[in-house]
């Protein structure tokens, strides 16, 4: 499993503190040149974290009435019902966390993490996922990779005093393409604008988006011709992007590079870095 390399804390001796030599402010690091956005389910981990957690339910499955209560576009609402049911059945936090931590990474994902860790001066990493904060942080912490990510945008989730994992929607929006609780294009556009302002007006030179699902399509319309979409090969995002390219969809400017392994992403990033 990937293990991150920690940064040692800086210590100052008492003698240094008492010295009459004037201190100098540290030279600020230059802004990172690239932004890498990751989905979570079936992109970082090799299955849906929601499906994995259901295996902690009695009999490792849900009753028919609960499975059939899903409404199209309201999956967050459905997952809230599932988590409430599991709490009623006595499923503990330890059981849920264990199922999340056991999800395998996608092929080559840890190789990709190691590559990005080795070039952390160049790459800023962010998760944009319709999973939830508890699942994502539990998995990343177990993998030793939480420190790699500057931000995680996902649905809030935490255990309450009664031992129930309470899930909330991320935000409200007006996008007709996206689920009721999350539009990833709204998130990506807002983040890019905010980070450019925080970086003194300096935008990222390139943005990379690694995903797999249909809800990873909308944010592609926020990216430009120098940016790259990495759809997981033969997954919905790949098929839908191919259809959009064939149809000449207006607003789709991003380059598309399918991946089957994290090594495919590493190889592409290496080529692009050589172009600088």
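Backbone N, Cα and C define each Cβ position, glycine as well.
Bear in mind that TrEMBL entries carry predicted annotations, made automatically and left uncurated.
TrEMBL lists 1-27 with the feature region 'Disordered'. According to TrEMBL, the Mg(2+) binding site annotation covers 39, 41, 212. Taken from TrEMBL, the feature active site, nucleophile applies to 39. Sequence annotations record features per position, and here TrEMBL assigns active site, proton donor to 41. Look at TrEMBL and you will find 50, 130 tagged as substrate binding site.
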Around the Cβ of residue 50 (substrate binding site), the count of other Cβ atoms that are within 10 Å: 19
Tertiary neighbours of residue 41 (Mg(2+) binding site) (same chain, Cβ under 8 Å, six or more apart): 47, 48, 49, 50, 129, 130, 131, 212, 213
Near-site residues: Mg(2+), ref 39, 41, 212, CB cutoff 8 A to centroid: 40, 42, 43, 44, 129, 211, 213, 216, 232, 235
Cβ-Cβ distance under 8 Å to residue 39 (Mg(2+) binding site), same chain, at least six residues away: 127, 128, 129, 210, 211, 212, 213, 216
